[in-house]
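A.B. asks: This is the structure I have questions about; it appears just below.
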Amino acid sequence: MDIKIVKNQEEGAKVAFEVFKEAYENGAKVFGLATGSSPLGLYEKIRQSSLDFSDRVSVNLDEYAGLSSEDEHSYHYFMNEQLFAAKPFLKSYLPDGLAEDIDAEVERYEKILQDNPVDFQLLGIGSNAHIGFNEPGTPFTQRTHKVALAQATIEANKRFFEREEDVPRFAYSMGLQSIMDAKQILLIAFGEKKAQAILNTVKGDVTTDVPASILQKHPNVTIIVDEAAAALLNR
Ligand code: GLP
């Protein structure tokens, strides 16, 4: 794991963009993308760049079940706003939050991943070390699945909704194995709320209690953390 400790989020976005751009220039064709606040600065840098994605493909990590792509809380809406409107890809895939047949949707998405092997996967991390929506306890062999969100995740994500009751209880997510299949991974984490998750991910045992700890077994992972998120690493 290549751990890059940066001063603040602004510097984090700059360094993330350098890592991203290098992957782009080295010919990464399929980009696994993430939502949440952690990649916002990177997306801003990409929007401001001259990078062209008309011959590249994106596959998103996850989506809430029950929300349409037009719902402003959906990850599809987020991606349109933050990236796709300014930087259209040849093709962009996300799970369909309104799919009626859950099993068929899981199968459809897994097939998309098999047909479009991810070259570069971007990740945030939950305070319980979830990646995508792979909550503690998820088997490392898991591929795309429908998941029940952990209470900690509902709590963390309620800030984006009017009321806690409005946070969807289920989501579709690439599994841990799907994430590990990516050739290169970039994880971004900012703030003290992520410090314990980062410590456990980087220095703890590889255990399903800490979903992101599986990244220790991946040959090409970069982790960008600000000083607050890195605070427990040097103790
Ligand atoms: C959500 C998403 C994750 C994301 C995480 C952290 O639950 N499913 O993909 O990485 O939360 O979000 P943030 O970057 O806003 O802290």
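Using the three backbone atoms N, Cα and C, a Cβ is placed for every residue, glycine included.
Features from TrEMBL:
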- ASP62: active site, proton acceptor (ACT_SITE)
- ASN128: active site, for ring-opening step (ACT_SITE)
- HIS130: active site, proton acceptor (ACT_SITE)
- GLU135: active site, for ring-opening step (ACT_SITE)
- 20-218: domain 'Glucosamine/galactosamine-6-phosphate isomerase' (DOMAIN)
A.B. asks: Based on a Cβ-to-ligand 1 distance below 6 Å, what subset of the active-site residues ASP62, ASN128, GLU135 would you report?
C.D. replies: ASP62
A.B. asks: To the nearest whole angstrom, state the Cα distance for the pair ASP62 (active site, proton acceptor) and GLU135 (active site, for ring-opening step).
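C.D. replies: Distance between the two Cα atoms comes out at 12 Å.
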A.B. asks: Would you mind checking how many other C-beta atoms are within 10 angstroms of the C-beta on ASN128 (active site, for ring-opening step)?
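C.D. replies: Total other Cβ atoms inside 10 Å, all chains included: 19.
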A.B. asks: Between ASN128 (active site, for ring-opening step) and GLU135 (active site, for ring-opening step), what C-alpha distance do you get in Å?
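C.D. replies: Between the alpha carbons of ASN128 (active site, for ring-opening step) and GLU135 (active site, for ring-opening step) there are 8 Å.
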